[in-house]
Every structure is written in C-alpha cells, then in structure tokens.
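Quick notes on the structure that follows.
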Amino acid sequence: MSAKVLDGKKIAADYRANLAQEVEQLKAQGVTPNLTVILVGNDGASQSYVNNKKKSAEKIGMSSSIIHLDESTTEVALLEEIDKLNKDDDVHGILVQVPLPKQIDETKVLEKIAPEKDVDGFNPINIGRLYAGVETYIPCTPLGIMEILKHADIDLEGKDVAVIGRSHIVGQPVAKLLTDANATVTLLHSRSKDMDAVLKRSDVIVSAVGKPGLVTKDVVKEGAVIVDVGNTVVDGKLTGDVVYDEVSEVAGAITPVPGGVGPLTITMVLNNTLLAAKRAQK
Ligand code: GUN
C-alpha cells in the first residue's frame, strides 16, 4: 500500500483562494485587512518566515508590513512598539516572531499584544479563552493540522490519536482541538513510557517534536494517518520527524516535509488576520 499524500500546498492554495474573495468583499466596504509582523534581530530562518508571511498576505489582497528591530532592542522599546500597533485602527493582526533575543521576556511581549489582534493566539488570555471554549484566536499550526485532516478521509469521532510533543504552540492546542472533534487523544512527550505501544494502536499520529527519524514504519499501524510537523534543517534540507519513504508504505495518508503542514500554518495566519479585521467591524 502506498499512502495518499496530503498535499499541503494544494490544500493551502484552495483555502487562500477563498480568503482572497473574502478580502475583496471587505475591501469593497473600505476595509483592507492588515497584518503587521515584528521581527527582532537577524536570525536567517525567522527573516525568511516573516518575509513569507508578508508576501502571502499581499498575494491575497491584504496589506502587510514588517517592523524590523535591531538584535539589541530593549524589552521596553519592543513593548512600546506593540502598544502603538495596539492603538492603530488600521492594524488588524499583530505577530511578533519568536524566538526573541535573550534580553526580552517573551511572556511579557505576548501578554502585551491586544488579544483582539493576537492572530498567533499566543497571548495567555487567548490560550485561556481557547480552553474555556469562547471566541478566541486558535494558534495557526494546530488550525492548519485540523484543515489537513479534513482532507484525509478520516472521521475523527472516537478515533485513537497520538500527539507527540507538548509545546504551547502545537502539541497542547492540537490535542485540545482533536479532543473537541471527539477523538481520544494521547499526548506523548519525552518522559512518556512505552510510546511505541501507543503509536502502534493509533489511527492518527501527529508528530511535533523536531527530531528526524522519530517515527518509523514499525510503530505505524496499517492505514494510519500521519501528520508530520517536524521541520529540522539537516544538511541544508528541511526534514520532518517521520521517516517518510518507509512510513508511506504502511500509512493510509501522510504529509510531506516540506509542503505539508507548513503552507497551512501561514494560511491560518491569514485566516486569523481576516477574522480580526471582520471582528473589528462589529
Ligand atoms: N516562530 C516559529 N513559529 C512561529 C509562529 O507560528 N508564530 C510566531 N510568532 N513565531 C514563530
């Protein structure tokens, strides 16, 4: 058996085409959704991520700008910058690229972003709202994973799902969304005992660790759906957690790296920015 490839680029392109139509409608009412991204420092990967976010926003008709601050920027200066954006009615979505330089307390920064403009969904207020089941912004990678699963021909109701990795950005929120979709979720992490036994019985595996080679053929059930969130650069190549070639022989469906979850994450930044622009009109 050869797994169905869950083509993130195609799924993202279709989703963005719909977003573009909605952006057009909003613009006809005189509102141009705006995403403003703050980048601190010169990390190469972060620079390419934020450029990609800006380009993707502009491609669907949004306006977007990058505020690029020096590596030595103080926490106070960054908080002031966020404060200005919070007060600017033309800015609908604010995203501060992480990680931040060590002199800056990330939590303070995330708490400073106005919850109604927090399109990453990283402000603790929005995290709390997610768990309380009230209007919020859901973090983009988990939202993207759920969109991909819609294309995997699997009804999550009652299914055994293993999520590997318990980060605040991916593992924990996606476990929450999967639970809401009535799956039975096991959240695995570095201290988990007998991870292999859990994986072998799972109908869906979401791996979000950043450890190439972690998920091999021998721990995957025949026909299981595999979502690979890993993105580690190995010899200049983006590499997932899943040993793709061998796992595709047994899985029912699988996401490639690159071209799987990644394009959906950016798509959901755009989705949340549009949502923020719409909510601001209410
Ligand atoms: N750094 C890596 N992923 C992300 C993300 O989704 N949002 C932000 N703000 N920074 C990141």
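Cβ coordinates come from backbone N, Cα and C, glycine included.
According to TrEMBL, the domain 'Tetrahydrofolate dehydrogenase/cyclohydrolase catalytic' annotation covers 6-120.
Look at TrEMBL and you will find 139-280 tagged as domain 'Tetrahydrofolate dehydrogenase/cyclohydrolase NAD(P)-binding'.
Annotated NADP(+) binding site per TrEMBL: G165, R166, S167, in sequence order. Its Cβ placed at the centre, S167 (NADP(+) binding site) has 16 other Cβ atoms within 10 Å.
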By DSSP, how many residues in the domain 'Tetrahydrofolate dehydrogenase/cyclohydrolase NAD(P)-binding' (139-280) are helix, how many strand, and how many coil?
54 helix, 28 strand, 60 coil
Other than G165, R166, S167, which residues of the same chain sit close to NADP(+)? List them in sequence order, counting a residue when its Cβ is within 8 Å of the Cβ centroid of the site.
V163, I164, H168, I169, V170, G171, Q172, L187, H189, A208, V209
Counting other C-beta atoms within 10 angstroms, the emptiest spot among the binding-site residues G165, R166 is R166
Confidence summary for the domain 'Tetrahydrofolate dehydrogenase/cyclohydrolase NAD(P)-binding' (139-280), mean pLDDT rounded
97
